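Take a look at the structure set out below.
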Amino acid sequence: AYENTGLQSQLPLEEQNYGATAARVRQGPSVPVPRNSPAKRDYLVAAVLCYANLINFMDWFVVPGILLDIQKYFELSDGDTGLLQTVFILCYMLAAPLFGYLGDRYNRKIILGAGIFFWSGVTLGSSFINELYYWIFFLSRGLVGIGTASFSTIAPTIIADLFEEGKRTTMLSIFYIFIPVGSGLGYVLAAGMAEATGDWHWAFRVTPCMGGLALVLLIVLVPHRTQRRTAAHRALSISGTIREAAEKPGVPRTAKTTWCQDVISLAKNWSFVWSSLGLTAMAFVTGALGMWVPLFLYRAQVVQGIVSLCLQESCNSSNSLIFGGITIGTGILGVIAGAEAARRLRKINNKADPLICAASMFVSALCLYIALMVAQTNILSTFIFIAFGELFLSVNWAVVTDILLYVVTPRRQSTAIALQILVSHLLGDAGSPYLIGIISNAIQARNAHSFRWSFWSMQYSFILCAFIGVFGGGFFLLTSFYIEEDRKEAEK
């Protein structure tokens, strides 16, 4: 957030174009840095990125919102249907390390703009695909995943650059609130458009228009070169100016490192490793829930006799609308509660962040297990326990990212976020929707063909999510053993 101060020209080239946020300096006198640009612009930039994040996650969950219609239209089995989200996530996670590398070294505004334009165009094109070309629909979801990877990898580092420690957690919390809000609106948009038009294809024609607006706002409001805080800026906060720091003997300069060196360093950072595995468990659970819950609720209602089998071209979308509303409400409440709990508990316990994440994962796993067990007899209780499960999962979103930002040295943060995206999706939600579908298919194949068994098969396969949630809590507990040491190391 050091704009128009004349500092950029005094930095060596590698320090102008490399690195993300700076670690906090806890010792030495600090001289405030003059800023000619008003703070309002920083908030405008953050608002644009939050809006784009909203669209990002709306695109993620348009397909689950109309999953029953898509399954009927393309005549897909449970396994093939789950593969839709798996293709999306696989392409997303494989592209993330590339964008992490580019984001640490090149202009981030250009990368973000190209990503928004690409994924919006592909989403619009997918709305015109005929039922005979289902493989093109699968391909389009993969391409959308590549586009969204550019945004998810780079946008958090820009927000972290704009704000100091006190404001940073708050702004990241707001940014991550748009994950559940966007996810929930994806369900609502998809179900609402399918119901209003009688054609599910229209669900894919709204977010591209929103993406066009995001691109315009990005071009107009986000500065061409967003300032990065590097080691030189840490020297600035101690001595007052870059020039004074440069003239002062003994002030170290940060050397440019290779991508392989960054990865090796991150692999030795146990707080980063264990928290990334905890996030992987979160991703596994949220991926499976996000893809299958509306369809699971529909099958539960048919078994209970609440609704009849859908034989029409456009099926009832009430479950997607309700689940979308639950996702929005619990997401907002969970992210705010997690950030506030972390802010308060850090004052009394340096390990508060991973302990909050661990506790929320354990409670979430219990709630989801209860929801699955009561689904056959009481649909209202199922909705309630699913809501609590999602609430406690949402507590972790901003807290996990904040852990990464203070245990990883600034010049490796885009790379760290990219690797975390790769691991969490590779072992998490890239496979969980498909795995749940495959297990469901296998159970149905071993039993008599009936709609009751189609419900039971999904119920039994979903139990896997509760156990994975418990493992996630364990990974966050392991993080708490290393977090103090790794945080001190990153601040050096």
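From the backbone N, Cα and C atoms, a Cβ is placed for every residue, glycine too.
Per TrEMBL, the feature transmembrane segment maps to 43-63, 83-103, 110-129, 135-159, 171-190, 202-222, 272-293, 321-342, 354-374, 380-405, 417-440, 460-483. Taken from TrEMBL, the feature domain 'Major facilitator superfamily (MFS) profile' applies to 45-484.
If you look at the transmembrane segment (354-374), the same-chain residues 6 or more away from its ends with a CB under 8 A from one of its CBs are 271, 274-275, 278, 281-282, 285, 289, 338, 341-342, 345, 381-382, 384-386, 388-393, 395-396, 399-400, 403, 459, 462-463, 465-470, 472-474, 476-477, 479-480, 483. When Cβ-Cβ distances below 8 Å are used as the criterion, the transmembrane segment (460-483) is approached by residues 270-271, 274-275, 277-282, 284-285, 288-289, 292, 296, 350-351, 353-355, 357-359, 361-362, 364-366, 368-369, 372, 403, 407, 432, 435-437, 439-440, 443 of the same chain, each at least six residues removed from its ends. Non-local neighbours of the transmembrane segment (321-342) in the same chain are 61, 65, 169-170, 173, 176-177, 179-181, 183-188, 191-192, 290, 293-294, 297, 352-353, 356, 360, 383, 386-388, 390-399, 402; each lies 6+ residues outside the stretch with a CB under 8 Å from one of its CB atoms. Away from its own ends, the transmembrane segment (135-159) comes close to residues 20-21, 45-46, 49, 52-53, 56, 59-60, 63, 74, 83-85, 87-93, 95-96, 98-100, 103, 108, 111-112, 114-116, 118-120, 122-123, 125-126, 129, 168, 171-172, 175, 222, 226, 401, 413-414, 417-418, 421 of its chain (Cβ-Cβ under 8 Å, at least six residues beyond either end).
Sequence-distant residue pairs (6 or more apart) of the transmembrane segment (202-222) and the transmembrane segment (380-405) include fewer than 3 whose Cβ atoms are under 8 Å, leaving the two stretches without contact. Long-range contacts of the transmembrane segment (43-63) within the same chain, counting only residues at least 6 positions beyond its ends with a Cβ under 8 Å from a Cβ of the stretch, are 70, 84-85, 88, 112, 116, 119-120, 123, 141, 144, 148, 151-152, 155, 158-159, 162-163, 171, 174-175, 178-187, 189-190, 203-204, 207, 210-211, 214, 217-218, 221-223, 226, 290, 324.
Under 8 Å from some Cβ of the transmembrane segment (380-405) lie the Cβ atoms of residues 21, 156, 160, 168-169, 172-173, 175-177, 179-180, 271-272, 275, 278-279, 282, 285-286, 289, 293, 297, 300, 322-323, 326-327, 329-331, 333-335, 337-339, 341-342, 353-354, 356-357, 360-361, 363-365, 367-368, 370-372, 374, 413, 416-417, 420, 479, 483, all in the same chain and six or more residues away from its ends.
Mean pLDDT across the domain 'Major facilitator superfamily (MFS) profile' (45-484) comes to 83 in this model.
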